[in-house]
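Reading through the structure tokens given below for one structure.
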Amino acid sequence: MLLAIDCGNTNTVFSIWDGERFIATWRTSTEWQRTADQYYVWLSTLMHFQKIEADITEVIVSSTVPRVVFNLRVFADRYFNTRPIVVGKDGCVLPVDVRVDEGTAVGPDRLVNTVAGYNLYGGDLIVVDFGTATTFDVVDTDGAYIGGVIAPGVNLSLEALHQAAAALPHVDITKPQNVIGTNTVACMQSGVFWGYIGLIKEICARIKAEHGRDMKVISTGGLAPLFQQAEALFDEFNDDLTMHGLVVINEHNRKNI
Ligand SMILES: Nc1ncnc2c1ncn2[C@@H]1O[C@H](COP(=O)(O)OP(=O)(O)OP(=O)(O)O)[C@@H](O)[C@H]1O
Ligand SMILES: CC(C)(CO)[C@@H](O)C(=O)NCCC(=O)O
Ligand SMILES: [K+]
């Protein structure tokens, strides 16, 4: 079975793929100090608790945080006796082209989303991922990653207001009833929520105009449904998009060996 690991700047997700479906998914915070042994204690405890008996023989990693990769390599080697495939590193071939400025290190999560989007929905896509940052990945007709947009994440925007202004509290995102807030929290939620609706609409419209072809908009990440509920911004929502991309890239590389 395959263990797929998606490390974001905030959270790391582990999923076990049995060849047909994901039989389990667990989430932990991303901490570069965590050792191989700590990963194993955490993972084996959860597997035991949920009575999951998986014979893990393959590991694939996508990490937006370079420092965690070393310990995840040790983890795969020590506990599953396998060399992991690491997206964006030597030994990992992508099934799609990457057409960006020379020397640009595209976030591996964006490459994985591109592969997943093309595999599931075909070419000419905008993939919107609501993580620490909100990214828009543009997928060409042939599946190539051809660039995109990086915007501050939703929670990051709220946190930045709180950090920078003494009188602004810590606030969670929600869909406000009105645009005109009548208290501080409602004003902040309105700014970020409706500001984000505008940001998504404007960026997608401009990408479509620049690309000059019809495009589907695919969303992923926990916050996508919140925005979709206010306006039909996305053609599809797929919460497992990144994990699906890791499975596709793993199969592509194991075949190529
Ligand atoms: N309604 C909601 N209100 C506030 N936060 C939410 C809501 N729904 C989901 N979330 C948050 O969204 C997060 C899931 O997003 P996702 O996994 O895509 O990004 P992340 O793990 O936070 O970022 P990264 O991948 O960059 O580490 C969860 O951590 C959760 O806290
Ligand atoms: C933009 C993030 C932080 C989103 O997770 C990640 O994809 C990243 O660190 N990217 C590197 C720069 C780039 O993708 O062009
Ligand atoms: K993510």
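The backbone N, Cα and C atoms fix where each Cβ goes, glycine too.
Unlike curated records, TrEMBL annotations are generated automatically.
For the ATP site, TrEMBL records ASP6, CYS7, GLY8, ASN9, THR10, ASN11, THR12, VAL13, and the single candidate of THR104, THR114, THR132 listed with them is THR132.
Binding residues for substrate (GLY107, PRO108, ASP109, ARG110, THR184) extend across at most 38 Å, taking the greatest CA-CA distance. Taken residue by residue with DSSP, THR10 (ATP binding site) is part of neither helix nor strand, so it is coil. Within the same chain, residues at least 6 positions away in sequence whose Cβ sits under 8 Å from that of ASP129 (K(+) binding site) are ASP109, ARG110, ASN113, THR135, ASP137, SER219, THR220, GLY221, LEU241, THR242.
With respect to ligand 2, the binding-site residues ASP6, PRO108, ASP129, THR184 contribute no residue with a C-beta closer than 6 angstroms to one of its atoms.
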